[in-house]
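Structure first, then comments.
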Amino acid sequence: MALCLGQVFSKDKTFRPKKRFEPGTQRFELYKKAQASLKSGLDLRKVVQLPEGENLNDWIAVHVVDFFNRINLIYGTVSEYCSERTCPIMSGGLRYEYRWQDGKDYKRPTKLPALKYMNLLMDWIESLINNEEIFPTRVGVPFPKNFQQVCKKILSRLFRVFVHVYIHHFDSICSMGAEAHINTCYKHYYYFISEFNLIDHSELEPLVRHQMYECEVRMHMKKDQMEVL
């Protein structure tokens, strides 16, 4: 039986405190509007659309922060199963490997255990969304010209968390009854990045291939069951 969100994603399993919006600000109001739409049961394809009269960069900022919070929570839930022994390399199956590079401590792409990679990733994203020059919170302060490019990079790296969790830890997710919540989060993420063209679709290939493989496995299992009958 699926558990409620509060039971599945306990606060002590998150990596870090959630990034919040200041009450009374435009972004806080947009966040409340987005959350209300999510809870209303509307089609997720419609939920992600820019509300009439709103600023696109504000809408993107709200969602980038929200996805950071939610995906951080998802990984925190399975992190106890993701150790240097179980996941010595940050990967998405045998075909895809993700190496860390930040231009500072890791100037070249570097192989890392998944847990270390995730910690560095979340630290990196948190430093960006807390940077007033990139994610301004004061009224009248414009977004930088490269804002959407920064967001595209954040979102593409957050996608790697979905890849790793789905391919390497989905059994643990299912055992907790959390698969419906993670599937909904992924759909929301996917429709949002597709709506505003925020990720190169070649980046999505690991999960597309994995889903195709899963479909083939299920088809073969059904065929074998029919033959037995």
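Using N, Cα and C of the backbone, Cβ positions are placed for all residues, glycine too.
The Zn(2+) binding site annotation in TrEMBL covers Cys82, Cys87, His164, His169.
Annotated features taken from TrEMBL, shown on the structure.
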residue	record	Cβ within 10 Å
Cys82	Zn(2+) binding site	21
Cys87	Zn(2+) binding site	19
His164	Zn(2+) binding site	24
His169	Zn(2+) binding site	20
CB-centroid shell, 8 A cutoff, Zn(2+) site Cys82, Cys87, His164, His169, site residues removed: Val78, Ser79, Tyr81, Thr86, Ala114, Leu115, Val165, His168
